[in-house]
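J.: Quick paste from TrEMBL:
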| type | residues | note |
| --- | --- | --- |
| DOMAIN | 35-315 | domain 'ABC transmembrane type-1' |
| DOMAIN | 346-589 | domain 'ABC transporter' |
| TRANSMEM | 35-56 | transmembrane segment |
| TRANSMEM | 68-87 | transmembrane segment |
| TRANSMEM | 140-164 | transmembrane segment |
| TRANSMEM | 170-189 | transmembrane segment |
| TRANSMEM | 258-280 | transmembrane segment |
| TRANSMEM | 286-316 | transmembrane segment |
Amino acid sequence: MADIHHKTQRIHSLKEIYQQMLRSAGDEQASLRKAFLLMTLSAICQGIAFSCLYPIFLAMTTQQISNITFWLVVLTAFVLLSSVLRWKAQDYDYQGHAAQAQHVLRTNLGEKLRQIPLQLLSKKRAGEWNATIAGSADEVIAYTLTVVSIMLYALVVPITVGILSFFFDWHIALIILLIFPAIIPLYRWRKPAYDRGMQMMSKLNGELNAELVEYTQGLPVLKAANCVGDQTQRLYPMIDKVHMAQEIGHRKGGKPNLIVTSAIEVGLLIAIAIGLWLVLFGYSNAMYFIAMLVIIIRFAEPIAAFTSMTMFFSLLEAGYARIENMLNIQPFTTHTPTQLPTRFDIHFDQVSFQYEQDNDKSNHENQDWALHQINLHIPEKSLTGLVGHSGCGKTTLTRLIMRYADCQQGQVKIGGIDIKNMLPHELMSYISVVFQDVYLFDDSIMNNIKMAKEDATEAEIIAVAKRAQCHTFISQLPEGYQTRIGDIGGSLSGGERQRISIARALLKDAPIVILDEPTAALDTFSELAVQAAIDELVKDKTVIVIAHRLSTIIAASNIIVLEHGEVLEQGTHQELLDKQGKYAQLWQLQYASEALAIEPCS
C-alpha cells in the first residue's frame with residue numbers, strides 16, 4: 001500500500017525545477033515553454049543592447065556622429081525588441097494561461113484526492129490536504145514567471161554581454177565572464193540552508209492550517225461545552241512554532257545575505273580595479289573600460305536580487321515536493337479481469353486486517369490485528385447485525401466491504417467476486433451507507449439528495465423524500481428543496497438531517513445497505529420517523545447494521561458478536577440468548593440499564 005508519509009522528495013537543480021514547472025502546467029506546457037523562450041530572447045536582446053555601449057563610447061572619443069547615430073539606433077532597436085518580447089512572454093499571465101495551469105493542477109490534485117485510499121486519506125487532517133491543493137498550487141504557478149524572469153535577466157544578460165565583449169576587447173570580456181558566474185557558487189552555498197528552512201515552514205504551515213480548520217469546524221461543539229478559550233490555547237503553541245521557525249529563518253538568513261551582498265560588491269570592485277589596471281598599462285581602451293563600468297553598475301542590483309531569490313526557489317521546491325508527494329500516492333489497483341456481481345451476498349474468507357503504522361509489511365505478527373481470521377457469510381437480502389464493545393472491529397468490518405483499505409490476508413467477496421476485481425466506482429455503486437453522524441454539503445437540499453444520482457428528475461427526488469419521511473419539513477422551508485443547507489445553519493434537527501441522508505440512499509437504490517445505527521442519538525419522535533425511513537430503505541436489500549442498541553436487531557436473521565477483532569458468537573437473537581454467552585450478557589446489561597432509566601423516583 002502506498003505510504004503517504006514517505007520521505008519528502010528533494011529537487012536539487014534548476015533543471016529539475018524547470019521540469020516540475022512544465023509538469024505542473026499540464027496542458028499549458030507549450031504556453032509556458034513559449035513564455036520561457038521569449039524571456040530568454042528578451043534577455044539576449046537586452047545583452048546586445050548593453051554591448052552597443054562599447055562602440056558608442058568609442059565613437060564619442062573620435063566624434064564620429066554617424067557611428068554614434070548608427071549604434072544608438074541599434075541599441076534602441078534591441079531595447080524595444082527586448083521590451084516587446086518580454087511583454088509577449090507575460091501573455092502567459094495576461095492571457096489566462098497561468099490561471100488555466102492553476103485550474104488544471106488543482107483539478108489533477110482533486111482527482112488524485114478522489115483516488116487516494118480512505119485509510120491513507122485519514123492519516124492527514126483536512127487542513128493539511130487543503131494546504132497542498134490550494135496553497136501549493138497557487139505558490140508554484142504564481143511565482144513561476146517572477147522567479148524565472150529574475151533568474152534569466154540576472155544570468156543571460158551578463159553572459160550575453162560577456163560573449164559579445166570579445167568582439168571589442170577580450171580583456172574586458174574575461175573580466176565580465178569571470179566575475180558574474182561567481183554568483184552560481186554563492187547561490188548553491190545559500191540554497192541548502194533555505195531548503196531546510198522552507199521544508200520546515202511548509203510542514204508547520206500545513207499543521208497550522210489543519211489546526212485552524214479543525215478548530216473552526218469544531219466551534220459549535222466547543223461553544224456548547226464552554227471550552228472555546230481552552231481549545232484556542234491549543235492553537236497558540238503551533239502559532240508560536242511557526243513564529244520561531246520564521247525568526248530562525250531570518251536570523252540564519254541574515255549573515256548569508258550580508259556575505260553574499262558583500263561578496264558581490266567586492267567582486268565588482270575587483271573587476272573595476274582590474275579594468276583600471278588594464279587601462280593604465282595600455283592593455284585596454286579607456287572608453288571600453290567606462291562602458292564596462294556602466295554595465296557592471298547596472299547589473300549589480302539584479303545579481304544581488306537573484307541571490308536573494310534563493311528563498312523563492314526553496315519555496316517553489318517545497319511546494320513542488322508537496323504536490324509531487326500527493327500525486328505519487330498510488331490508488332488501489334484493480335485486479336484483472338474486472339468482474340461485476342450478479343448477486344449480492346457478502347463473504348469474508350479468512351480475512352485479517354491491521355491498520356498499518358509503517359511501511360514494514362513483514363511485521364504483521366508483531367502488531368495488533370483489527371480483524372483476525374474472519375470467516376463470515378452474509379446472505380443476499382438478509383439483515384445482519386454487528387455487536388460488540390468499542391474497538392472490537394465492527395466499523396472495520398464494514399469498511400473492508402467498501403474497500404476503505406485492503407486486507408493483508410484473505411478475501412472479501414460480493415456475489416462470489418473478490419472486490420479487488422471491481423473498479424472502485426463500480427464497487428461503491430452497489431453500496432449505500434447511512435452514518436450515525438450525517439454530513440450535508442453547503443448546497444441546496446435538492447442537490448444534497450441528487451448527488452446519489454446525478455440524472456435524477458425532480459419528481460424522483462420528491463418521491464424518495466416522501467418515502468424518507470422528509471418531504472413535509474422540506475416543503476415548509478423558505479425555498480423548499482432549493483433551500484441551501486448553509487443558509488438554514490443548524491435549524492435542521494438531527495432526525496431531519498438523517499432523513500435527508502436516507503433519501504439520498506433511497507435515490508441511489510444500491511443492493512447493499514450499511515447502517516451505523518442512525519437512530520442511536522435521536523429523540524423518540526425523530527427515531528420513529530427515521531426508523532420508518534429506514535424500513536423503506538432496506539426492503540429487498542442485503543443489510544448490515546452496526547448495532548449500539550440491541551433492540552434494533554432483534555429481528556435480524558444473523559447477529560455477529562465481535563471481540564478483539566474475532567467472531568465470538570453468531571446466530572439469531574433467541575439462539576444467542578439461549579447460549580448464555582457474551583450476547584446474553586450484553587442484552588442483560590442493556591435491558592437492566594434501560595429499566596433503571598425508566599424506574600420512577602420514590
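Cβ coordinates come from backbone N, Cα and C, glycine included.
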J.: Go through the chain and flag residues at least 6 beyond the ends of the transmembrane segment (68-87) whose CB is under 8 A from any CB in it; none is fine as an answer.
T.: 38-39, 41-43, 45-46, 48-49, 52-53, 55-56, 59-60, 149
J.: Residues of the same chain, at least six outside the transmembrane segment (35-56), with any C-beta under 8 angstroms of its C-beta?
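T.: Sequence-distant neighbours of the transmembrane segment (35-56): 18, 67-68, 71-72, 74-75, 78-79, 81-83, 85-86, 88-92, 97, 145, 148-149, 152-153, 156-161, 164-165, 168-169, 287-288, 291, 294-295, 298.
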J.: In this predicted model, what is the average pLDDT of the domain 'ABC transporter' (346-589)?
T.: 85
